[in-house]
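Asker: Sharing a structure here in structure tokens format.
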Ligand SMILES: Nc1ncnc2c1ncn2[C@@H]1O[C@H](COP(=O)(O)OP(=O)(O)OP(=O)(O)O)[C@@H](O)[C@H]1O
Ligand SMILES: [Mg+2]
């Protein structure tokens, strides 16, 4: 369904990543690469290490072994804010919005890296501070239109239903205009209609802005439908990597999902 | 009915993100400022100016400072009075030791000294949060008090760290009447409140709130934890430092380090809890409440012609504070400012139920 020729060079490569928490091995010797413009899904049973992998990619977790290469250069142990500066944005499995702020302010916060006024200019609401605020507001309004959340822009996010919160979190992530967007179960807990909307947005972001997307999702229908490539994790190990078609017919993957192994 | 934005359509983002987007609010604030600057100095008695309005304004400023740090950036501090003390003693020494030092410059330098100390004691915030951070700021409280009592240099060798107000003059005008002192305080507080409002509605304020609400997500978005937290400590302590200097020299005239003890820190914390955590207005409401409550209780006591002892009245004051703090913490964590907002929302709909 998705043409393979759209994908470009490898922008991120994880090499032999191992991560453990005390005695729990979250990831064991995982290597994977992410190619520019592709929509890559990571699937696997609960506790397989999917979220941990995203946390390694954007510097929240630091693996005990292995390294991550960004655009051909090894990265070392970086902070999440440095990953953001490289152009990596994400959403969280458990919604991580700024509860005390409105939808608009949450999305504006997503653009903080585009704003450079110092605090004195901001205190005086003067020059650059004011110009930036207006310019960024305009961009944020485009995102609000794109994700069809005009009606709730002034609502405190805590008052929104779950599905809309997920959408606002997506808005905040794309506000940074990332090169690589990591989505951790953006459709979990949604009804069919909300899922369809979310799929449409994800595909649009991928198509219209060329944003590379790594998606974690449990709904196999969705994954097989929209992904260019699928990686399968199980008990912290990679057991499959290929097109949706390949992965669906991979005996290891079938076994993992039917629970005949282990 | 009267408080409605009907017919006020925002045609630009500038209008929509204006400091007070609703016209009635703008009119109200302008009228209030005019009243405070023009009418009050002429109308109010010296007691009202020196005994109520000046301490109200000064403590509002300190509460504003704490609210930036605790209410917006989410970093709990019990060191507000310590930062006030640094501001007071530093301003005093700049005035004393630098010939021809203008008052306003000394206030800024005093504020900057407090900011520096604030940053120092803010460093632990990178590792610790909440209750434990509060304990760390408590260290600032005790250390600063001890330093100013112990080392006479800071108080120009006076006994037990007492410092007295230098001559207060601004642009060649000597301020000696309560009305003049009030106007100076009002001007400083109004400007700093405006600056605070501007900061919290721009990217710095959003970064603070982001850290407060969800620190991992804030970092993932690209906010630098260290810089943002320390800036909150610096700016907050600057506000407290200026408030401390005004408290010492414009309000009291003569103070020692005990004027800035832990009780003062708690008093300021209670102001933001009662007034509203994370609200500029809340700092003023909380300060007004805490300054006015004892005055009102005192009045009530006089009306009862000594039927109740003053001892009872001051106990009653503590009980009312205690009850209110529990009420606000448990029922309305956003304080009086939130109650005000709710009543405005009601007023918008009035007289229709929905
Ligand atoms: N911060 C942490 N501390 C301790 N253990 C952790 C931590 N994060 C993850 N783990 C453990 O690592 C393993 C992998 O967790 P992870 O969240 O990556 O799985 P997942 O594939 O995202 O699962 P799910 O589908 O349930 O979200 C689990 O056993 C989990 O308990
Ligand atoms: Mg997960």
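Placement of Cβ uses the backbone N, Cα and C atoms for every residue, glycine included.
Predicted, not measured: the structure shown is a model, and the values here were computed from it.
As listed in TrEMBL for this protein:
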TRANSMEM  B:27-44  transmembrane segment
TRANSMEM  B:50-69  transmembrane segment
TRANSMEM  B:76-95  transmembrane segment
TRANSMEM  B:101-123  transmembrane segment
TRANSMEM  B:130-148  transmembrane segment
TRANSMEM  B:182-200  transmembrane segment
TRANSMEM  B:230-254  transmembrane segment
TRANSMEM  B:266-297  transmembrane segment
TRANSMEM  B:318-340  transmembrane segment
Asker: How about long-range neighbours of the transmembrane segment (B:27-44): same chain, 6 or more residues beyond its ends, C-beta under 8 Å?
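Answerer: Same-chain contacts beyond the ends: 20, 53, 179, 182-183, 186-187, 190.
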Asker: At a threshold of under 8 Å on Cβ distances, which of B:76-95, B:101-123, B:266-297 pairs most often with the transmembrane segment (B:230-254)?
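Answerer: The listed stretch sharing the most Cβ pairs with the transmembrane segment (B:230-254) is B:101-123.
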Asker: Counting CB pairs under 8 Å, which listed stretch among B:76-95, B:101-123, B:318-340 touches the transmembrane segment (B:50-69) the most?
Answerer: B:76-95
Asker: Using a Cβ cut-off of under 8 Å, list the residues of the same chain at least 6 residues beyond the transmembrane segment (B:101-123) that approach it.
Answerer: 75, 79, 82-84, 86-88, 90-92, 94-95, 136-137, 139-140, 144, 166, 168-170, 188, 229-230, 232-242, 244-246
